[in-house]
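A.B. asks: Provided herewith is a single structure, encoded as structure tokens, for subsequent inquiry.
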Amino acid sequence: MLESIIKTMLNLNPQQHEAIHYLAGPLLVLAGAGSGKTRVITEKIVYLITQANYPPQQIAAITFTNKAAREMQERVGHLLRKPRTRGLTICTFHSLGMRFLREEAAAAGYKKQFSILDSADAGKIISELLGSSGREMVFKAQHQISLWKNSLLTPEAVIRQAEDPWTHQIGQLYASYQDTLTSYQAVDFDDLIRIPVELLQTDADIRYKWQLRLRYLLVDECQDTNTCQYALMRLLTGAEGKFTAVGDDDQSIYAWRGANMENLRLLQQDYPDLKIIKLEQNYRSTARILRVANQVIAHNPKLFAKTLWSEYALGDMIDVIACKNETHEADLVVSRIAHQKLVGGDAVHYRDFAILYRGNHQARVFEEALRSRRIPYRLSGGQSFFDKAEIKDVLAYVRLLANPDDDPAFLRAVTTPRRGVGETTLAKLNNYAKVAQCSLFEAARSMDALVELSPKSREPLMQFMAMLADYQTRATTEAAGSLLHNLLADIAYEAHLLNTEEGRAGEIKWCNVRDLLGWIGQKSEEDDKNILEIAQTIALMTLLEGKEDEDADMVSMSTLHASKGLEYPHVFLVGCEEGVFPHADSVEEGNIDEERRLMYVGITRARQTLTLTHCHKRKRAGSWEFHEPSRFIDEMPAEDIRLLGRKGSEPIVSQSEGKSILASMMARLDSLQS
Ligand code: ATP
Ligand code: MG
């Protein structure tokens, strides 16, 4: 095994080697895309454990997504056997915050079994407090509150500093929203980091305990940390600054969610002894793809000077294809994938391809085109499995078993399936809960509240409460999968789906539920935990991204934002038009630099071939919109791109391509016959 570790380490270039071995103080690895930053983190974990004698339980590596965490766990798993990694933490900031909060819940005024609300539930609370269901208003308020939380601003501070009536009003809404969350014993996504930061700032004992426990921190994609995450990183690593952060200012693409790439510069100020190592060799892309990426990003002002070069050959030209409209675009991209797969035979897989777009709404036509050709695909960054109504129904029961004070979960569970607990009953319970300052669950248990109900409405409520009590007792002893299976049988959930849904929709939904039960059963067995203990883990997984079979041979479809850190042999960047990419809002706000960074991220996902498409017109709300090609295309070196489909340019399917399709089909036919 040691041999395999030494072998992988041998491939490292001198800068990577230095970054991995440097332990004298805080370290920032600053480098462009595909230069092996993530690899440095993975190998450094192995180095810390095997050579520097750090116990794995004192090391934490932070990734940007759950998927990235799983990938890193896998990579470390290839290099080190299980017993040597026991206790090692590789997760997102949010998962780390959740683990922290679970342990320190009492200090934060929470029960151990607090609920984690998703953005839909949080939005509902905001809409109720606002007394408005206007989606745009709710979205704006929710977004603003999230930005304040991520900047570590309390409601009091916001109200105090408010300079206009709108900010004042939303500041007050923020205060009531926070009170509501506390009374539900619930936290939202941002609280998972904000509350730990507050505790670490104010409680010296807790700070000391965690700083002792975490002796080395590694942070990937550091350019996209927000103020709150940066504070968590500083508080956990203490004055000594035992960390390695890696990042690329050119790939900072989450400013709209409060990320602040200035944090890279702040590190230098906050840690005067910070060592900076730059990696300059790209190991991902052909020299041409890299040249195009470098030239596009050169149009942005530089935070840090960096160079990026590749030893690889120049490679194929970058095709930029003009399409008539979005269906033409989707057909074209999908037929190119089919063609490349056909020509490449067994050496080419569907998972080698990615279709990347600026906005989720662009995915639908591509899905249709892929389906019609029976090409398997997976969507990421879109509507997740966990956003489906039937999944949220089941998870409401899980949440409620773990935390009966979770009012949104109570409301969903008590009304799904309908069991005769109607609006009037709920309104009465709600009034009682408000006056008594208790949860709906507590209200439903109180005799005082029950006497106010008619016997006809009391009965189904009492039955529901008795059932919950029964399952709460069983939850600590019965296996999670079978417990949920029994619960769903008791509430006749399958029949409910089959009766309320039209056609085959009910069956499909029930299939999803069975999938979920299988997954929960497996998860709880792996972690050896009961349903109450894994409820928060499930909630967090559902918030971040879906469960998916990563090994499956499928074309990836993803937003550009969700593609960060990943790589594919063949990438299609679609919708490269003014108003789409760069997005119209960014054009209006003059925020082109961030869009350009997104383009840089997109280009640098490609290893061998890169194809860009743009449409002449698109249908929006029933009428045609006309679009110019994206300005970013003009910023690419002319000698590296091949313009196709424009007037006077080469035809989209060149004769040679047409011939090669025929030739490869004949060859395959021959091989089948022989
Ligand atoms: P991004 O900025 O997109 O997150 P990154 O800098 O994190 O990229 P990695 O994903 O770590 O880059 O590495 C890019 C590719 O280069 C991976 O396929 C990785 O295995 C490979 N790689 C990294 N270092 C070396 C090396 N020294 N020799 C050969 N291949 C390498
Ligand atoms: Mg990376």
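Glycine residues also receive a Cβ, built from the backbone N, Cα and C atoms like all the rest.
A quick note: this is a predicted structure, and the numbers were derived from the prediction, not measured.
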A.B. asks: Can you pick which of ARG257, ARG265, ARG284, ARG288 TrEMBL lists for the same ATP site as ALA31, GLY32, ALA33, GLY34, SER35, GLY36, LYS37, THR38?
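C.D. replies: Given ALA31, GLY32, ALA33, GLY34, SER35, GLY36, LYS37, THR38 bind ATP in TrEMBL, the matching entry from ARG257, ARG265, ARG284, ARG288 is ARG284.
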A.B. asks: Enumerate same-chain residues with a sequence separation of six or more from ALA31 (ATP binding site) and a Cβ-Cβ distance below 8 A; give 'none' if the list is empty.
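C.D. replies: The answer is LYS37, VAL246, ASP248, LYS278, LEU279, GLU280, LYS306, LEU308.
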A.B. asks: For the binding-site residues listed here (LYS37, ARG284), which one has the lowest count of neighbouring CB atoms within 10 Å of its own CB?
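C.D. replies: Fewest other Cβ atoms within 10 Å, among the binding-site residues LYS37, ARG284, is found for ARG284.
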A.B. asks: Where does ARG284 (ATP binding site) sit in DSSP terms: helix, strand, or coil?
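C.D. replies: Reduced to three states, the DSSP call for ARG284 (ATP binding site) is coil.
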A.B. asks: Across the domain 'UvrD-like helicase C-terminal' (287-565), what does the pLDDT come to on average, as a whole number?
C.D. replies: 88
A.B. asks: Using Cβ atoms only, which residues of the same chain lie under 8 Å from SER35 (ATP binding site) while being at least 6 residues apart in sequence?
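C.D. replies: Long-range Cβ contacts: LEU279, GLU280, GLN281, ASN282, TYR283, LEU308.
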A.B. asks: Please give the maximum pairwise Cα distance, in Å and rounded to a whole number, for the ATP-binding set ALA31, GLY32, ALA33, GLY34, SER35, GLY36, LYS37, THR38, ARG284.
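C.D. replies: Of all Cα pairs among the recorded ATP binders, the widest measures 13 Å.
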